[in-house]
Amino acid sequence: MGKHYCDYCDVFLTHDSVSVRKAHNSGRNHLQNVREYYQTLEPECIQQVLDTLAQEYDLRGIEKPRDLLQPAGSSFMTFGAGPLSGSSDRAFRSQVPPSRMSMGGGVGGGSDRRGDSRGGSGGYGRYGNNDGSRDQGAPPNYSRPPPQGGPYSRPPPDMMAGGPPGISNGPYPPRGPPLGYGAPLPGAYPSGPPPNMRGPPPPLASNGSHAPHSRTGYGPR
C-alpha cells in the first residue's frame, strides 16, 4: 500500500488509508497549516475553492456544511474564526443564530433549566444541569430527616414506663440462661463414684510391697 502525501503539511503518511488520513486531517498541526494556507489566498481564490467543494456536495447528494454557505472572507468560515480557527468556543458560539441556541442544540451543549447556555458536554448533571457540574444543595424532591427531638427521638410512652405494652409498668426481669442450661437441681445426680470405678491404689507396706487388693475395690477392710 502506497503512502499518502499531505500538501498542507508537506509530509508522507505511513500508508494511504481512510483511517490514517482522517486521523491526520483532524490533528492540530494539519488544521493550523490549512488555516495559514488559506489566509495567504485572495478572497476570489477562496470563493472559487468553496464553489468547487459545493459542487462536489451537490453531485453526491450530501448536505453542505455551514462553512460553505458563508461568503468568502467571512469570519465564520473554517479558516477564519470558526470551529477550526483555534479561537475560543464562546466567540464561535456567539455567531450562531439565536434560533439554534434557543432550541437547546447550540455548539457543544445547550440551554439549561435556568435559561443560560452552557458549553458543556450536553448531558445532565447530578441535579439537572447540562454542563456536567454539581449544584450546591439538595435535589428538588429531597426530604430532610426528622430533627433532633422530633416525634421519633424518644421511645413510645409504654416503653418509657419500663415494660412492654400489656404488662405492668415494672422493670424487665433479669435475663438468665436459656431453658435446660441452668445449674442442676439438688439430687439430680447420685453422689459418690460411678458403680464400676476402681478406687485409688493402696498404700505401700513397710517392706515396700503393695498391700493385697480387696475384692470390693475400695482398699483394705
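Heads up, residue numbers simply count up from 1 along the chain you see.
Note: Cβ is positioned from N, Cα and C throughout, glycine not excepted.
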From the ranges 4-36, 70-102, pick the one that Swiss-Prot records as zinc finger. 4-36
Can you tell me how the residues of the zinc finger (4-36) break down into helix, strand and coil by DSSP? 17 helix, 4 strand, 12 coil
